[in-house]
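Worksheet: the structure to be examined is printed underneath.
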Amino acid sequence: MRLADVPVVGDLLESGAEDRVFDSLLLVGPALILVIAVLGRSAVTIGLAAAYVLFFVAYVLYRGVRH
Amino acid sequence: MNEAARTVGRDLGRIFQALAGLLFVSILVPLVWREYYAIPGLFVSGLLPLLAGYVLTSRFRGAAQPGKLHGMIIAAMGWFCVAIFGSLPFLLIAWTVEFAPPILGDPSQTSTLAAFTNPINALFESMSGFTGTGLTMTDNEEVLPRTLQWWRSFIEWVGGVGVIVLTTAILARPGSGSLTLYESEARSERIHPSIVSTVQTIWWIFILFTFVSILLLWVVGMPIWGAINHGMTGLATGGFSITDNSIATYDSAAIDFALLPIMLLGSIAFPVHYLILQGDLRNLYADLQTRWVFIYMGIGTALLTVLVYIGDTYDSLFTAFRYGSFQFVSAATCAGFQTATDATNVALGRWPVQAQLTVVFGMVVGGAAGSTVGGIKLIRALTLLKGIRFRIADVFYPETAVRRLEINGRRLNEREVRQEFEEAAIIATLWFLFLGLGTFALLLLLPQGEYTLENVIFEVASAQGNVGLSAGITGPESLPTLGKVMFLFNMWIGRLEIIPVLVTLRAIFDRGGLYR
């Protein structure tokens, strides 16, 4: 079974900016928030969250430069 | 029953079903936070719109597609009914705690929660949430059950994009009917040729940005529950908070500055976000509204910083900039978060009058059309300014001259200019008319001498612009019942850009024989 065949997830993958990286960020987002809620604030969770935000910004800029 | 009523009934039913889904999903929150006493209230709140929706959709299944008139009536009635159903969790949970049935434990009643045993307070909170206004009937948000904290944030988040957009995305129905409804909810621009694809992409962007916002707020130091709620309401430019002093509670420059891009994201039109995510960054300055979001916020911030600095409100220029930038962006994006509160928790309580009126100006104009903000919208303000300049310059040209007005890359001929200018002028005129009426009514209703005129204008502009900053007038005790009813109307017309509500009222009065 492909990821795109999963209900809801499939619709999400079809709807967005037609870019698998953004799709992945969308799918990883809630999982990361859940991890933070469970584990609390630590160097690792701060690192993960900061990496997520920075990667999002950097990837938007990268797409812009490449465009 | 005539065909129009069948069409309206069927589509209202679909909206109610979508709302029921939101209520049932929210049952997860009391389960996680072990607020089991809130579950029956939420369940019943979801069951009622589900049943109403089921009856309406199944009874009028074969109704015709909505036209422009139906679309406006569906939008206006849909938003009002959704506010009514959305008030049920406040009302039922408050009464559950009031009665404290032994089987549901012994939750403690607070004066904040007890305010919601009054249905008008519950309806006010719900309308304020769905319209993304953020004015509140709570004295202290911190003591609300987590379930209601969530419900307030959730309805603002959904309302930011739009109840009808949600319905169209979930209960997708291709065809002209969806487009009519989409346009009736104060939206016009499309991302894809298909309206269903457009609304699905809008939600995709909104959800992704929500995760980014939540994580950004958490990284800069906000606790996770606060980050979830403020990330949702900040992006939706709603402004409900879970703390008593709004964002001022955290007293953190990092959090203040982190919220600026979040609110700005919410004030940029979704089609522009889509193009930027596609890599077309030129839209940040090439798109007229987006360019002016930055210019307008920049000018407003600079002006406000100077006003509060030379007014000796703050000691340092940096502090003046911190509060000035936050409050102008918060007002102009219609988010309504507060950082500049005084001891009485009044927004801008220490600020000079000219600074307060600068903020009012920000609220009136708002951000980009097609985003989550309220107000008149930048495109209309710019159309009015350009149209006035065009009309004045007309005198200097010979009568035979063929002139065109350029707005956002479109070259409009005389007829198109008249059409665009007329639409912008009508909405702006109505906006100021209702602002004036609201101000007059509030001056009559409030105790004489308790509030200044600028306080009253500030509060009405905040309600009608769906902003949520408060000069201290809005509250369960401080605002008279008639004032609450008037603000319900202000918030409702502000969210739908007035015309659909007036069309609906005319249709109701006309049908009831009151209009003729």
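Even glycines carry a Cβ here, placed using N, Cα and C.
Annotation source TrEMBL lists transmembrane segment at B:12-33, B:39-57, B:69-95, B:154-172, B:202-225, B:257-277, B:289-310, B:357-379, B:424-446, B:487-509.
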Query - Contact call for the transmembrane segment (B:289-310) against the transmembrane segment (B:202-225), three or more Cβ pairs under 8 Å - result: no
**Report entry** Whether the transmembrane segment (B:12-33) meets the transmembrane segment (B:487-509): three or more C-beta pairs under 8 angstroms
**Finding:** no
**Report entry** Among B:39-57, B:202-225, B:357-379, B:424-446, stretch most in contact with the transmembrane segment (B:487-509) (C-beta, under 8 angstroms)
**Finding:** B:424-446
Query raised in the report: When you check the transmembrane segment (B:69-95) against the transmembrane segment (B:39-57), do you get at least 3 Cβ pairs under 8 Å, counting only pairs 6 or more apart in sequence?
Result: yes
Report task. Grab the same-chain neighbours of the transmembrane segment (B:357-379) for me: Cβ-Cβ under 8 Å, and only residues 6 or more beyond its ends, written as numbers and ranges. Result -> 131-133, 160-161, 186-189, 235-238, 266-272, 288-290, 292-293, 296, 300, 303-304, 307, 327-328, 331-334, 348, 351, 408, 424, 427-428, 431, 435, 454, 457-458, 461-462, 464-467, 469, 494-495
